[in-house]
Amino acid sequence: MLPSRPLLHAVVFALAVLQALASDTFIAAVYEHAVILPDDTDEPVSPDEALALMNKNMDVLEGAIKEAAQQGAHIIVTPEDGIYGWRFTRETIYPYLEDIPDPVVNWIPCSDPTRFAPAPVQERLSCMARNNSIYVVANIGDKKPCNSSDPSCPSDGRYQYNTDVVFDPEGKLVARYHKYNLFRRETQFNYPKEPETVTFETPFGKFGIFTCFDILFREPAVVLVSELQVDTVLFPTAWMNVLPFLTAVEFHSAWAMGMGVNLLSANTHNIGLAMTGDGLFTPEGPDAYHYDSETEEGRLLLAELSAHPRLSPTYPPAVNWSSYATSIKKYPREKDTFLGAVRRDIFTFSELRRKAGNYTVCQGDLCCHLVYRMSNKSKDEVYVLGAFDGLHGSLIKYHWQICTLLKCKSTDLKTCGQPVEMAQTKFEMFSLSGTFGTSYVFPEVLYSGVELAPREFEVLRDGRLKSKHGTSKPLLTATLFGRLYEKDLPHPLRTSP
């Protein structure tokens, strides 16, 4: 006689747990999804129409989840806005929202769908996880009713939150996270009253979760890693790439290395909005990543990661990010500097006029030092050393310290800092450092074609970002991103919801 379906699920889940416990690694997956978007409208659609659109996207996600599970993945992360998109006002997004309970209720929507009904999206996600014996991470919208007894209650009588959910291989809701740092266009959602630090335990490590813009701020991103000591961060995002620095693969890889943690980054895919770039990033660099600005196709990535990276023999040592740079006395500041804009940020630049040399450029409290040697300098290309120490952002302002070796868009120095994707010049060696006033510094190297350079550079304990054996491909940027969280300005939009 065949076992009952619940018993079969229990057996499969138990075997998966035993398998994970027997190994110090796990297989992770992320899916970059080309979201099917709703029509632009000023009027809310019916709940049935909203669900029909969400089911179209979930059909695609379910295919990726099945494929990941068949390849042995223990967990899969899907993107922010991956189920309904982003063309919404506060009113028009309402039919897409569900009331998502606190995970302490111990709920499996797949087997008990009416307990917190109506919840067809949660039910389907739960069944995807349960039927494939895999953790499923998704981004949906949460609604919470309120009334006049709450002085912060919005006039329409509800809170609306950008929300991540996690279902375990039994289909149980094990995590719910409300995005704390909303991007300025997310007027359809409320800010949570307090930042949430959401963690949960798995057979393959302690996990934390946050969303997109959150990664740039201390709460919850740094708190999860530095204080709560998670092993892996789950990161649904809808990231719009901004060259030369803030491309998704570049900064997310840098953040994982700087924080010393696994980052499972799943991006939405929309080339019209420059959205692409996801990856499985580790403290040692990217294990797998994808960047495609040409096609409209989604992409599934898988990699085997360390379940407890801090215990790995290859875990990077602690870095004193200002040690080397502050010890330098012999390099005078460059006299021949000029100012250039990287979007709204005004950098101090110095042109690298020789094929080899050492340079120092300063701005504010930050001095950046570079030692380099080019191997095939193109006559049509100009490189600069740049420093930035100040507030970044047009509305929400946060403090950066950045040292960068950067290719200019053309030989006209006025183009230094403008977006560029291709280069011809390789470097035999480079060593970049800075007098950073923070321990939170994120290193990354970006090659021509917006490609990363996994394992081709190292960060020394004294704070130098150094090439190992020269660059195998032409260089776009080598950058150290420093964040002085304590100098951030108060958030202008975050008021009690």
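Glycine is no exception: its Cβ is also placed from the backbone N, Cα and C atoms.
The feature active site, proton acceptor is assigned by TrEMBL to GLU80. When Cβ atoms from all protein chains are considered, those within 10 Å of GLU80 (active site, proton acceptor) total 26, not counting its own.
Under the heading active site, proton donor, TrEMBL lists LYS179. For LYS179 (active site, proton donor), the same-chain residues lying six or more positions away in sequence with a CB closer than 8 A to its CB are TYR161, ASN162, THR163, ASP164, GLU186, PHE189, PRO192, PHE210, THR211, CYS212, PHE213, ASP214.
Positions annotated as active site, nucleophile by TrEMBL: CYS212.
According to TrEMBL, the domain 'CN hydrolase' annotation covers 31-307.
The signal peptide feature in TrEMBL is assigned to 1-22.
If you draw a 10 Å sphere around the CB of CYS212 (active site, nucleophile), it holds 26 other CB atoms from the protein chains shown.
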